[in-house]
Each structure stands twice: as structure tokens, then as C-alpha cells.
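Pulled from TrEMBL:
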type: REGION; residues: 1-367; note: region 'A'
type: REGION; residues: 1-39; note: region 'Disordered'
type: COMPBIAS; residues: 8-34; note: compositional bias 'Low complexity'
type: DOMAIN; residues: 65-226; note: domain 'Histidine kinase/HSP90-like ATPase'
type: BINDING; residues: E72, N76, D118, M123, N131, 138-139, 165-170, T216, R367; note: ATP binding site
type: REGION; residues: 579-662; note: region 'C'
Amino acid sequence: MNTESPNPETSGSTPSAEPSGAAPGPETPASTPSEEAKAAGAVELPFQAEVQQVLALVINSLYANQEVFLRELISNASDALDKARFLALTREGVAEQAGEPAILITLDDAARTLTIEDNGIGMTRDEVVQNLGTIARSGSLEFLKANAEAAKQKKDGGKLQLIGQFGVGFYAAFMVASRVDVQTRSMLPGAEPVLWRSSGAGSFTVAPGDREHPGTKIVLHLKDDAREYTKVWRIKEIIRKYSDFVHFPIKVNDEVANRSAALWTLPKSQITEEQHAEFFRHVTGGYEGEKPLLTVHLSIDAPVQFHALLYVPEKAPADMFHKDRRGVRLYAKRVLIVEDCDKLTPMYLRFLRGVVDSEDLSLNVSREMLQENRTLSQIEQQIVKQVLKSLKDLSESEPERYAAFWKEFGRVIKEGVTNDWKNKDAIAELCRFESMNTEAGKVISLRDYVAKMPEAQKEIYYVTGLGRHAVEQSPHLEAFRKRGYDVLFLVDPVDEWFVQSLNEFDKRRLKSVMHGDVDLGAEPEKKDEPEASVDAAVAAVKAALGERVKDVRVSRRLTDSASCLVAAEGDPGANFERIMKLIDQNTGESKRILELNPGHPVVKNLNILAGREPGSERVKQWSELLLDQALLVEGVVQEPAKLVRRIQDLLAQVSSAAVSQS
Ligand SMILES: Nc1ncnc2c1ncn2[C@@H]1O[C@H](COP(=O)(O)OP(=O)(O)OP(=O)(O)O)[C@@H](O)[C@H]1O
């Protein structure tokens, strides 16, 4: 299944006649004609280099789970039938489908063949060359990559396991067949029948075919050791295992072998976990054994009727950050409209995969019309509500599973707070962060944070930075730590946008410990000790640093360190500016405020010194050092050499004093 719309008119993509990659154009014959080239009018073409690699692996590896070849072929046939229905309903002049849509499997033990036929959309000659000569599936490329990786690491039996993990689509036929013949005819007006044939060794041939009606018939000439696939009981067993949900009848030697109900229309209780896993694999092209992390199955009647069967995968889909990601499949009255409808789920739920089927959509709806469709946006709203609710339920009932979800998709979910204001609060409930009081790698929810707040604490405090290690030792946290207030560590770049959008949670303001003024009141044990004034020190530092800081003031957030830098309320802050610089959006640097700890001996002494010798070299030097150390804890010192010189000078003075005293 590729990600094109089944509607050739609206998909905007025209299948190219040219096989991509290393293969030459379709009319360039491969150098040595082989056995297969003998069909009348046949042209022999090489497979794209990657296909050859996939085929070599498929054919030469002992395949542990060979039977899945049938699932791949049935899946393709089912997709072809979906596309045919859509085309018949939306385009004039296409060839009529002969008979009811169905998938027919014929077994011939004597001839040792398995034939699978569908009366679906079929393929034109160009499409055959493109689809069966190059790699359509991203799964196959991943398979190649994973195989190369396994080979590098020399994993024992790596190949064996790998093929079990990745479906390789149509090419899986070569696991069991020594030759494959594809007779196909497209529904498109004027399309001629085509015969594609290959033994999977480097090349294939295309020749005029003899198919009368649209559809595709694939004959597998089975290998010696694949004779079991001519047995009816065996084939039925495989169909029940993998393809029971396919919503077209699959007939084996004329007997229906599957339930053929659209899985999403069945009552929840009737669907087994295995069926979900299999359907999930079908819609994601995921690998063997992969299961959904969460299933959301909805049947809604009002205001819009629709069924939705949606899955959250365990691992982020490879295309999650691509613009043209694969979305959810949209059906109207059981007819596939688009294979990747991105209008059904917002960007921050872009990891959802599955199917939506509505009675209230017109089959004629085109891709452009979908952009503005009211029904779709109503469906989307319902989906969002239900998915957010299901995630919340999961977080309560299975916190560990939820933690795995958050690790994989948390970053994406957080985007929702910035762009879905309607559901902002529900999304905020789902968010998790590390904090000063959590162990590294463990997270808490905003709700838990609020529940643990001491009575005196009024606001939710956070610090932003480039990682736990970068913020953990920050002097800005000192006063909070002393008072037993927790501080959230917002260390993901997206968190800067998150806090700009979420001003409050549970009626409590979110407040940066690095911004503006914080008034935590006096330290509990120091209630009656009034702080001595350090006005002279503040004035001296201000004079010494001049324009380099926005202001110098007394700090109420420091207990152990002498100084720290804070952003003025409303200013972007150093972390945000650093991120913008990293993504090449230099916003410049806004000046910050240097805060001095009035209880710190260095500040107290500077206060005395500034009174005695205002403007002296020593006073200037100490002032510089107070700024230097505030920058140093943030890991940004612009001129380290100057800093070292200042420290050396100071050490020289201190050491001389120490020696003369002793
Ligand atoms: N029975 C068929 N009828 C019409 N087209 C087919 C049929 N079988 C395969 N194709 C075409 O060949 C293409 C390649 O098939 P293949 O199974 O290798 O990958 P895929 O189905 O695109 O990938 P995936 O299984 O990941 O969705 C399909 O996308 C489809 O266009």
C-alpha cells in the first residue's frame, strides 16, 4: 500500500514509467535475455538495485515465517478492490468491474501453483513496471537498513529474524515461488492487459497480456519445499490467522474463508487482540509481532455518524516528523477515499494510524474539498476528545505503559498546548516533566506537582534549559530547595513554547525561576533576622558593569551562591535565545539582571569595600567576578582568558594576605 490517493484524478501523482534508482528506463532491455523473456513481445528489464537486494535476502534466507507471503498478497488485493470501488464511483468511462468485488485463491496441487486473483483496479503497463520493479514500500528500505546494521554487528541469525520483522510486500511471493506471473489490466479507459513475469533473479519481463476484465491475477509457481501452500486447509488456516478482517470475501477454491466484515464496524467486544494486532500491521505496514500501544475504537452517531479504529504505535513511525506523513485512512460508506487523510487528526496526534469510516461523507469528495470539509472537522474534534480521554485513562490505569507512551510521543503531544487552545487543558493534563525532586529519567504530571505543593506555595515553578544536568545545579533553585518547593525541569526545546502558551494550570500561574522577581517570603528559620543592606555593593557593581547588564539588584532567590542572572519579566530568556540561535533564528541577546545575594560573605565584604574605596580597581574586579561566576554556572563565558586572569589576580592577593597572616 503506498500513500497515494486511490483517486488518480485527485492524488496529484502520476505513476512514472521510469523505474527509479539504478534501473534504466522501461524500454531499455537488460543485456542478456533470460528464459522469461520468451513470452511474445516481451521486454526484459532489470529490477532496481534495492529490489535486487531485498529479493536476494528473501530468496536466500531460510524464512522462519514464510506463510506471511499470502497476507501480503491479500493485502494488496484488498487495497486494489478499495481503489476500484472509489474509481468506479468517481470517474466516468472506467471499465466495469466484472462481478462482485472478491479475492479468489485457486490451488492446484498437481501443477504446484497458487493463484490469487482480484477484480480490483489493476495496473497499466507503466504502473506494473513502476510498482513491481522498484521499491514502493518504505518497509522494504527499512528492512535493508536493518539488515545492513545486523550484518555490521554480526548478529547470529540476524537475517532470519529480520525478515520476520519486516513485511516486504509483493516481493514476499519469492519466498515460496520460483516464478511469479502477474496478469493484470487496469480499469483506466483504454488500458491494455499486461503480463509481468519474473523468477526473482535480477530481472523481470513485461509483455502484452490476455486478461479480459480489469483486475490482477498472480500465479505463484511454488518451490519444491512450498507444496503445503497448495493445501486448502493450510491456506484457510493462514487466512483466518492474518486476514480474517479483510472486508471483501476471500474465496479458496470457491469457498469463503474469512469473515469479510470491516473490522471497524464490529462491536468492540467481538474483536480479539490478535485481530487488532493484525489490522494494525495492515494499516501501518508495521512489522511482525508489533502491537499497538493503545487502541481507540469509536462508533459515533451524532452530530456526525462515523466509526474510527485508531492505534497508537509503540514506536514513533519513521515518517512522524515528515511533512507528508502517512495519516489515517478515510472511508466513506466502506469505500476508501484517501489513504493518508491528514485532516482527521491534528499535527500533535500525528502518530495515530488507522481507519475512519463515515456514512455522512459523499463519495465524490475530492482531496481539495476535504481541506474545507465541515464533516471532517467535526469528526476530527470527536477523535481528539476521545483520544485525549483514552490517553488520560491509560495514564491512570497503566502508568508504566503511559510512561512508555510519553517517552516516545511526549514531545509531539506538547505541541498541542501551543496550537489547540480548545483542548489545551486536557493536553496539559497529559504532560509529564522531570523536576528537582524526581530522579533523573522519572517524570511527574502537573497535577501531581500541584498536589504536592506546600501550603505556602502559590505558583508552579519551572526552569528551562538544555538538559537536566544544565539546570540541576542552577543557583536559581536555591531558595526553592530550601523551602521544599519543587521546580519543574523544562529541558526540551519545545517546552519554551509550551510555557508561553500555558500560562496556568489548575488556576495556578506557571512561573519561571529565571525570570522577573520572585518573592518567596523570608526563609522559614530566618523569620526574625532582618537582612543588612548591601546598597553600596549594588551601586558599585552597577557602576562597574555599566551597559552589560539591564540592572543589578538584591536577590530573594539565592541562599548559597553570591550572584545569578535573571531575565526581566516578559523578556525571552537565555535558553529561548540559545534555542533560536541553534535553529538559525537569531533573535539577539537581551540584557539580563544581575542579582546579588545579600547574605553572602563576598557581597557583604564588597559592600564594606565599596563604602571605603568606591570605584577602586579591586571593587571593579570583584564586580566583574560576580558577573563571571553567574555566567560560568550557565556554561557560557564569552572571554574565558579574561576570567582566568581575574581569578589569578584575586588568588595572588588572597594568597599574599594568607602568607602575611601566618
Ligand atoms: N493486486 C494488485 N492490484 C493492483 N495493484 C497492485 C496489486 N498488488 C500490488 N499492486 C501495486 O504494487 C505496489 C507495490 O506493492 P507492494 O506490496 O510491494 O507494496 P505496497 O503494497 O505499496 O506496500 P505496503 O504493503 O507497505 O502498503 C502497490 O502499491 C500497488 O500499487
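Note that Cβ sites are derived from N, Cα and C of the backbone, with glycine treated the same way.
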- Item | N131 (ATP binding site) - helix vs strand vs coil (DSSP) | helix
- Local backbone state of V168 (ATP binding site), from DSSP in three classes: coil
- Item | DSSP-assigned states of the region 'C' (579-662) in counts, ordered helix, strand, coil | 55 helix, 4 strand, 25 coil
- Message: Quick check on the binding-site residues E72, D118: which one has the highest count of other Cβ atoms within 10 Å of its Cβ?
- Response: D118
- Averaged over the domain 'Histidine kinase/HSP90-like ATPase' (65-226), what pLDDT does the prediction give? 86
- Item | Protein Cβ atoms within 10 Å of N131 (ATP binding site), excluding its own | 21
- Message: Restricting to the chain of F170 (ATP binding site) and a gap of 6 or more, list residues whose Cβ falls under 8 Å of its Cβ, or answer none.
- Response: E72, L73, N76, N131, L132
- Query: Near V168 (ATP binding site), how many other Cβ atoms are within 10 Å of its Cβ?
  - Reply: 24
- Query: What does DSSP assign E72 (ATP binding site), in three states?
  - Reply: helix
- Note on the structure: Mapped onto three states, the DSSP assignment of D118 (ATP binding site) reads strand
